[in-house]
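**Q** Please see the structure below; I have some questions.
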């Protein structure tokens, strides 16, 4: 932005900001004068020195309306320039705006353009950074014009010469030096900034671009093409910075009031020589202040020191030039000046940075002022301090309403002081502001009355740090309270993640009318009951409230008055108040409203022993007719608070039921009723928790008597395992895994029994059990440790990369009630301490993940209603996922818009029409309809909006259950929804004390449904084995990998569930047979992969040599030897190679089948041994992830997926469908070939020792892994396309959150982020567009580039066309056809042409960090990371920031373009009744009514 001399800075509207390199002219245009002296202030007078760094003449007066010498004082002399001291009489605030300059004695290279990677200057001149450095720092001369002497000596332009070579030429050709510098025959070589300046000035960008494009097309050398491309990018950036200005000399719109720029400032684009500075700008003195300290010393900004060095060296150099000092001295001084300017602009890049005298730290340069957390962007522009705010400790306010908070009087009077003063003066209570202040200080009683009136209807905002999602700031209506702590409603604690152990909260006051309205309409706590991340309620009762409701609604048999029949709920209450009936008694009530059907009244009726058969039969009939209700007194009391529309809730109310109920209320009766209900159940909950007197004593933790028996049995089992190991039938790995399994099972059995014991104790009224069962406090895991056994403990890992933790195989048999032995205690401290240290370390990681997510998605805003796409996303029903507790089918489709009709295939009924929202009811219906296997829904991933996304593709806004409005910042909501639970994830291990759980390796797989078995791709062999009792046992063993067993419905043939059958599994069912639910279908060994003989024959070892490819380990305890394949590479010479494999040969010695054996395999056969089909020849051990609850694996996993990193040991994936064959073996790798029926073949090289999953002859599909390891998302994108990788990322991230933390995040949030990761494409062939090969550009920009050449042709032969038409040019088809018509008419040669070629590209998957840095907005990218690099690139290319996202608008201080800040709300007309107001330029003027504003919104 350019301000003319004397004009004040831009106050008006601007819509975009352009970045470019400052030319010397523009620096001088900004400047108010040259800084000539390094002095700042006079040490005696403390006044700024004239012409120094603080000079008043240049930068403006230090006192308002007063010149330096004091001749002019007072405002009446405004604008006069003093004739004595030359200072303009104005306000001192101009010292924040006015700039100066330093005129350099020699040109100096700007370090940003020289040191950036790749170096901009280096790319233009085709010099390496090392060579450039030698020229710039005056070590060598560079030839600018070889002239005649150069030609004779064979010297070319840009050659580097040493001092001797240079002087040799100069002395040899003395006459040559008399020629003018512009003479082409003169030999010119220079060094330093001057040389670079001349070279850059002489560059012809257009010619360079043509030459480099030619190299790209014609060169065969890969290196040359890569270099040319790197250079071309910089050349094109400079050329593009010219383009917009070639056509018009008008200014970019909105910067200046006039139509034209003032003449000197016509922007001509960047010239390369601007990268070398002749003038250095000096920033305003208020931005680098001198602050007086006590003791007469001054604290100064580092910039002043850096400027001082530049000025001192510059002045010294000028003097030396004047006195014609020797070249050596000059050169040294010039080099020092270059270094001083380098340090001023960027002091952190250099190894020898300028340090301060006393503390020896590097000085903060201009770059450092922008960079990092403490830089200008993040510290001051994105993180401003707020006035009208205060903070205090929070305490609970149980008597508050949901929308209220208690504000201490002392805080309120301070915050609302200006408003109170105004009221006091207006009402005549105080004469002046001063006297009003006195009244307030005296705490006059009238002040409190006024304060009450002032705060009436004025919301305040409460915020608790860290603000992880939007519910971390909510609005409340304040109530004045005594004391010094803020009171908050207990139900909003969950949203703030607050508790009352000393947490503090900040209060902010919305000042403007608009802010107050937005606070009370959008941010009021009673309007924010639903969590945006999942659409589930967030204001859910917890702890005491849950316990109270649970206690109230629980039934107890034989309580006072059981079996009585009441005429109405009112009668029940009267009887209870008269103590005729107990709180938990089961009674009958006549009820005519809706009834919640989840309670099995008839079953309970059968358990009531005191009823006669006759009475029982009558009651049964009445219950079935729904005239009478079997319930408890407590439930009647509870239902007094439930709105009639919901009906009678006849269940025990625990946390889960309460959450469900609040969710129903908010969608069925609205927020107002729900808020009332919440306040009522809060009262009820606290009241009955108090009445129940529920507290835990040691005797409530009951240890089951059977515990000792189970432990004995487990000890027997583990002894048996050890015996087998000693016999040599198990490897050490298998022994470990089996022992862990035994203890895991035992621990679970004991836990279940202790749980059942608690449940039966005192009729289910054991306080410990009630707390657990209601969900008030504690988990089954904690009860297991209290009353069962602590079980196995995880051994903490050293690394944080998230491999599965080892488990210590000695379990802790005691529980916490019995107390631990010293050894057990010592083992368990391990896990507990890790939990605490993890917590603190990992919170930072989660915070950084959130920041990256915000940055990548901050500009995703709903911009249009419907993008009109025909594409959608297919969602399949997956029973396996649903049973393992993952997200149900209905949750995935709820709140989305159907892309196609959803049809019930069984009867062809349309359930949902295309374009219709799938509501909760419809989703439930689809879930229940067996005929719907999949649905196609609109998704953000397939949205085709140019900017932002459309509301149809996003679906409903989860927090209001309606289609998302235009202007909703869905990107930020998505980032918060993923980041907030990320921070929760980190704290997971903390509460479990690091005990190991989960991960019992399931050896038997049971049927989930009744149905018919169908085999798919299953090959088997029969095998007879001798079992433990010495009896022969016939087994059917699967020898095919990736076989499946399907359970189908015998009538319709529809597949209900699919099971993957592992290689080596034993089948317990036949193809086509019927199975019952829970019948075992097959069993497998989970701890290892087996290599199984498929045919009979004799084993022959190939390349299996003792000490080279296998080692023999004799177990010291058992004396048995075990053969393990080892990595043989270190044992052999470089040329030698081995490939360990087992071969089966027949009697004639012919090889029938070969099996490669991976490293770490244990051999179970000897050379020459006879084998039968089904015999195990070798086992490859597997690592099982057994440690549950430790999210260390979770967060790094999420980060890895979001950053689209290639896994450490990725699987090799086939790119085509086909059949597998093995090729030759090399020293370190072997070949796997995949060939299809069309003769296409792909060869993959697999590292030796990597486990190959495919066998010779296996059929594979594109995208199938051929080896062990995780599949890389980049491979999925390359082979299966963008859709597959999007689905993969969303599902994998969901799994981590689901399994590791049980956190529910709606898919649409993940889709928003994944969409941002796939926004870019990489250009492959640019065709005739102006793109470059390898360019990374936005998909929409790529489409635009192709459209620009769509109707153009390239001239191949110009014929007799006019001179303006040349070969290879692009022209519009219609222009050329018109010309050709004329040429034909005149019988001339016509123009030959061909259609212009369009560019080709492939999609790119970027990690969130790269995606955030690649964003279109310069300001947003610069404030994220790598600030200097982003700004350098933007300046060279003359980029324009159109301020489309949220972040850039916050930085420049505008309203964000989301919500009420949208452009469409700029000129709202507000009308009261019977009056017409003018359109305002602000968002709102004075609203006539609140309702009016709400309707407008």
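A Cβ is built for glycine as well, from the same backbone N, Cα and C atoms used for every other residue.
When I checked Swiss-Prot for this same protein, it listed these features:
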type: BINDING; residues: 67, 69, 82, 85; note: Zn(2+) 1 binding site
type: BINDING; residues: 499, 501, 503; note: Mg(2+) binding site
type: COMPBIAS; residues: 1482-1497; note: compositional bias 'Basic and acidic residues'
type: REGION; residues: 1476-1497; note: region 'Disordered'
**Q** Let me check the 10 A CB neighbour count of residue 82 (Zn(2+) 1 binding site). How many other CB atoms are there?
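**A** Other Cβ atoms found within 10 Å: 20.
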**Q** Measuring CA to CA, name the entry from the binding-site residues 67, 69, 82, 85 that ends up nearest residue 503 (Mg(2+) binding site).
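**A** Minimum Cα distance from residue 503 (Mg(2+) binding site) across 67, 69, 82, 85 lands on 67.
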**Q** Have a look around residue 67 (Zn(2+) 1 binding site) and count the other CB atoms within 10 A of its CB, chains all included.
**A** 24
**Q** Please compare the binding-site residues 499, 501 by how many other CB atoms fall within 10 Å of each one's CB, and tell me which has the fewest.
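**A** Among the binding-site residues 499, 501, the lowest count of other Cβ atoms within 10 Å belongs to 501.
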**Q** Looking at Cβ-Cβ distances, which residues of the chain lie under 8 angstroms from residue 69 (Zn(2+) 1 binding site) while being 6 or more apart from it?
**A** 82, 84, 85, 87
**Q** Tell me, how many other CB atoms lie within 10 A of the CB of residue 85 (Zn(2+) 1 binding site), whichever protein chain they belong to?
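**A** I get 16 for this one.
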**Q** If you take the centroid of the Cβ atoms of 67, 69, 82, 85, the listed Zn(2+) 1 site, which other residues of that chain have their Cβ within 8 Å of it?
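**A** Not counting the recorded site residues, we get 56, 68, 70, 71, 72, 83, 84, 86, 87.
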**Q** I want the residues beyond 499, 501, 503 whose C-beta is within 8 angstroms of the mean position of the Mg(2+) site's C-beta atoms, in chain order.
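**A** Those within range, site residues removed, are 394, 498, 500, 502.
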**Q** I'd like the number of other C-beta atoms within 10 A of the C-beta of residue 503 (Mg(2+) binding site), please.
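**A** Result for residue 503 (Mg(2+) binding site): 16 neighbouring Cβ atoms inside 10 Å.
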**Q** In whole Å, note down how far the CA of residue 501 (Mg(2+) binding site) lies from the CA of residue 67 (Zn(2+) 1 binding site).
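**A** Spelling it out, the Cα of residue 67 (Zn(2+) 1 binding site) and the Cα of residue 501 (Mg(2+) binding site) are 58 Å apart.
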